[in-house]
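*Asks:* I grabbed these lines from TrEMBL:
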type	residues	note
DOMAIN	19-263	domain 'ABC transporter'
TRANSMEM	380-402	transmembrane segment
TRANSMEM	605-629	transmembrane segment
TRANSMEM	658-678	transmembrane segment
TRANSMEM	684-706	transmembrane segment
Amino acid sequence: MRASIPLYFSKNPSVSAGFEPTNIASKGLNPQTPSHPLPFRLQPCSTNQLQCRKLLRVLSYGLLGASGCGKTTLLSCIVGRRRLNTGEIHVLGGKPGTKGSGVPGKRVGYMPQEIALYGEFSIKETMMYFGWIFGMSTQEICERLNFLLNFLDLPSENRLVKNLSGGQQRRVSFSVALMHDPELLILDEPTVGVDPLLRQSIWNHLVQITKDGNKTVIITTHYIEEARQAHTIGLMRSGRLLAEESPQRLLTIYSCQSLEEVFLKLSRKQGNSNTNIPELNFSNNISLASLNWARKGDPVYVTEESGVVGLNFHQSKEVLIQDNANGVGRYEMNGKAHGIGESTMDCDDCGSFADCCNLTTPGKMKALLQKNFLRMWRNVGVMLFIFALPVMQVILFCLAIGRDPSGLHLGIVNHELNSTTQDCPVMGNCSFHLLSCQYLQYLKNSTIIKDYYDTTENALDAVRSGNAWGVLYFTENFTDALVARMGLGQYADEETLDQSEIRVWLDMSNQQIGLMLNRDIQFSYRDFAQNLLESCEYNPKLADIPIQQEDAGPQHSEQNDEEPRHIKANYELRPRDVIRPPKRYEANLFENPIYGSNEPSFTDFVAPGVILTIVFFLAVALTSSALIIERTEGLLDRSWVAGVTPFEILFSHVMTQFVVMCGQTALVLIFMILVFGVQCKGDIVSVVVLTILQGLCGMCFGKFTYTT
């Protein structure tokens, strides 16, 4: 036995009415949106009036009006998708959104104007998704699916929704609303854009379920004549309900041949008198004083004091009136009182206190997780975005950022040679002939391209015109002066010192390239001098600057290390094309650094930031885009009406994104560390954990971006 549900239209809680089958009630209605007023206005009633309304339990109700008159907004308040500034709405015995009301939830079936389905789902997957949300078992869903496929003449259950025609998509959307056999069925313009045969089929089914299924159907449309099949219709314009009666009674009252004429006549009267429209409605508005003698079916005109402008009410056998002691109580027309608490409601989600503590149900999470994974799996663009984009970013970074540039032109002016086209001859060991040519052989051929010029001016012009990055100049007596400088030491004259110098001009407009050339030129000269001394059996330390930085690392031992640690490290600093002498003669300016290496890589330095940035912004984009797409398609609102809470939606996205993020982290680290050789000298587990935590921050930021 279902309970009679209160219908409030007053700011005063003591004034109420009964509205049994659809259980829709409102008190002092003033719908609210964040920034835009609703397209209809509802006025409060006086405290000495009682409005009671009785709709037959087996009823179809048609709400008619032009687009933008407020039909959808009114339905959104009923299903709990919008809140009110003042007043209350009661549906199925409770306020929408409260625990145990069933709204939003399985007690109401809702079909919005748009399709509000995911196109990548098949018909069966769509039914499974909403069936699990409604708490149905898989067997029940399959049985119901077979019935709906046959009844609505739908194609194969494996057809994707996006591959269906417009009419078939609307029938699938209609079948979702019928899936769980709800008590209250709300259809928002289900016949828009469908062919006449399908429209008639939908109406035939609505009439059938109201007759046989003990259901209440509320349907909105702007096709006036098609609503003739509804038991009761309400005509709505500019946010006001102009009339509410059965179609045939409206035609009789206003002496019209069609409902269009009735609506036109009411609209003209509303335009002539925008504040008072008492002649537009017949009602059974019963005051407290006249409750005992009011006769069923006697019409009473609506006045401005009757509350919601234009609403029509019918006398009920069971109404709610004021009880001074206990507030609102329920009374039958014979005067016998009943307490509201005596009623029972057929509500599956009205559980115990332990049930109220449950944040979700396995069926809902199963549906949401399957939806999220199927959405990604069947969308090629999303899959490429998830897994191909981070790999591509890592590849581009490692190839383009942090590595030494190659193909740098360096102008050479060597006056020791007779011609600019003459190549330097290959010298033997311990040869002090053409030392400039021997030095040039130590310059990195993979990085530097040597261009020979006959004069310094020509070489400098090449640098100014952008054809070279620098100039090296050797004097005519470079070899003799260098040997004399090494032999004379402090006794060398000024001219000898000048002739033994290598003069360098660099283009420092690009600081990174300029510093790199400066480094290579100096390191090449050190290697050249050390190898020359070694080949002539001199101590190569003579070519070093007398500064030695000791190694503070634990691997150094002064007593047991016969060969100093810096000699071993020197091998890493030499170019590949240099033949290194025995270790016992090697010397190096700096020992092994405490952290890092003697040749730091910019790629290794930037890699941690790049990894965290990639994972963070991919999580932001994927999370916010998934929610935005669901909101745009209407699937998010439809899921909310079906009973899914925001917590469940966010938690399902967190679970999905966590799995995706683990895969992204694995791909990024594999390409960074294994493929491109970026050094990881710490704990790899800590690296993975920190990366995942950064991705979680990105997910939170994506949720914040969506909400704002």
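Cβ coordinates come from backbone N, Cα and C, glycine included.
Set these features in their place in the structure for me.
*Replies:* Sequence-distant contacts of the transmembrane segment (605-629), counting only residues of its own chain at least 6 positions beyond either end whose CB sits under 8 Å from a CB of the stretch, comprise 372, 375, 382, 385-386, 389-390, 393-394, 397, 401-402, 636, 649, 653, 657, 660-661, 664-665, 668-669, 672, 678, 690-692, 694-699, 701-703, 705-706.
Only residues 6 or more beyond the boundaries of the transmembrane segment (658-678), in the same chain, are considered here, and those with a CB under 8 A from a CB of the stretch are 376, 386-387, 390-391, 394-395, 398, 603-604, 607, 611, 614-615, 618-619, 622, 684, 687-688, 691-692, 695-696, 699.
Remote same-chain residues near the transmembrane segment (684-706) are listed as 611-612, 615-624, 627-628, 650, 653-654, 657-658, 661-662, 664-665, 668-669 (criterion: CB distance under 8 Å, separation of at least six residues from the stretch ends).
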*Asks:* Can you give me the average pLDDT across the domain 'ABC transporter' (19-263), rounded to a whole number?
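*Replies:* When the pLDDT values over the domain 'ABC transporter' (19-263) are averaged, the result is 76.
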